[in-house]
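Worksheet: the structure to be examined is printed underneath.
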């Protein structure tokens, strides 16, 4: 799906569910990581996350578009467009738009684990942060530490 197709989709969804035209730009933003989309208040444009389209398909993308169009139309008409506003929640229910989008499966960053071992007493230290082995020593016997394993 390219920029023209997403623009057409947003315009169609706006007319079908809201009965009002979408007069601004809709585009994909590759920098969005965990958000499905966002409505920009100053430009009135809508940015969408392409990864949600890849992962969940067009149905989820239409849900995200409906959510962002709720922000758009309420803001344009001067009503409460924020998540906490009653107007926003009522319009979400009326057009059957999701309040939150699905969670990204690969959104969780894998944790790095560093395993250090004392050269003298063989005590192992498991750390999430890397330590300077020239500066720090074993807390038990003051022996030299050695990095055994680094997982990422």
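Heads up, the Cβ atoms here are built off N, Cα and C, so glycines get one too.
The domain 'SprT-like' annotation in Swiss-Prot covers 7-148.
For 67, 71, the entry in Swiss-Prot reads Zn(2+) binding site. Taken residue by residue with DSSP, residue 67 (Zn(2+) binding site) is part of a helix.
What Swiss-Prot lists as active site is 68. Taking the Cβ of residue 68 (active site) as centre and 10 Å as the limit, one finds 24 other Cβ atoms among all the protein chains shown.
Mean model confidence for the domain 'SprT-like' (7-148) is a pLDDT of 93. Comparing local CB density within 10 A for the binding-site residues 67, 71, the maximum falls on 67.
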